[in-house]
């Protein structure tokens, strides 16, 4: 077995959990010149994201589940988005601990948390693509038959979860806890003699069907949706779309940088661009930083709903009023002030 496929020969100090083994037969290990990121800053960041995500997404799910009468198709999608973020947030303490002592949690947790990370990403973009199609049909084609049949939305969401699981399944099957000599233990893919080739397949196929295709679907649908709104001068409907546009924008700002860096790393590993120690180090640092940005996404949607989503604020206050935590007079005043700007709620979202 050559040094490119034998885990004993890899320099794991240079590789993060998303890195790849070197592909060059004449490869010699590269050493990082400086620590990529202060691990304690990363740990504190993960802890804050965990707490905010746990609290925020739980509140989002609570508000949507309480509002059974006025629950829309978009609300069902956003409920599933919150569930995906909440499940991923539960893994953040494990990711944080691994930054200190390496991967000490064994193979099973290695598989599970890797699976949840990928499922969170893919389900997020697939659900957002479904929302874009729903808004496109409702606004551009004025189609209400599909959007009003909520039982169909449940099957669409199940399809998104199923596809996300399939796209993420290789991480569950092939990731293992491994403790190389003279290095901290890692959670890593072990694919046998053809590790480099199969890792290319495991990158290209999921990101094509789980990122690029849904991204183009969103760009197409929202492009025509915005065109229709501006052309028809639908000011109220445009304002009602603000939450959805904000959610999509935040998702792209958080996950697009990581995927672009991952693409650069893939091009380097396949020798499309020249590989060097300096380039490996730069890409490694960028992967670390952009992965944290992606993790941060799991706590941001509830913040968007709180600041932009009038229905979410009213639903939350309604729950508080039901339990005597705010007065019904205050709730009534809030309802009156928010009615004028949300009376035409084309997205029926938070």
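Glycine is no exception: its Cβ is also placed from the backbone N, Cα and C atoms.
Given the structure is predicted, the values throughout are model-derived calculations rather than measurements.
When the topology recorded in Swiss-Prot is consulted, residue 153 and residue 279 turn out to be separated by the membrane. Within the listed segments 155-174, 175-194, 315-334, Swiss-Prot records transmembrane segment for the stretch 155-174.
When Swiss-Prot is compared with the stretches 13-33, 76-96, the one noted as transmembrane segment is 76-96. Look at residue 110 (disulfide bond): DSSP puts it in a helix.
Here the transmembrane segment (243-264) has long-range neighbours at 18, 74, 78, 81, 121, 124-125, 128, 131-132, 135, 203, 207, 211, 215, 218, 222, 273, 283, 286-287, 290-291, 293-294, 296-297, 300-301, 304-305, 308-309, 347, 349-350, meaning same-chain residues at least 6 beyond its ends whose C-beta is under 8 angstroms from one of its own. Comparing 76-96, 112-133, 155-174, 286-308 for CB pairs under 8 angstroms to the transmembrane segment (200-220), the maximum falls on 112-133.
For the transmembrane segment (286-308), the partner stretch with the most Cβ pairs below 8 Å, chosen from 40-66, 76-96, 112-133, 155-174, is 40-66. Counting same-chain residues at least six beyond the ends of the transmembrane segment (155-174), those with a Cβ under 8 angstroms from any Cβ of the stretch are 76-77, 80, 111-112, 114-115, 117-119, 122-123, 126-127, 130, 189-191, 202, 206, 209-210. In the topological domain 'Extracellular' (265-285), helix, strand and coil residues by DSSP number 14 helix, 0 strand, 7 coil. Mean pLDDT across the topological domain 'Cytoplasmic' (309-350) comes to 58 in this model.
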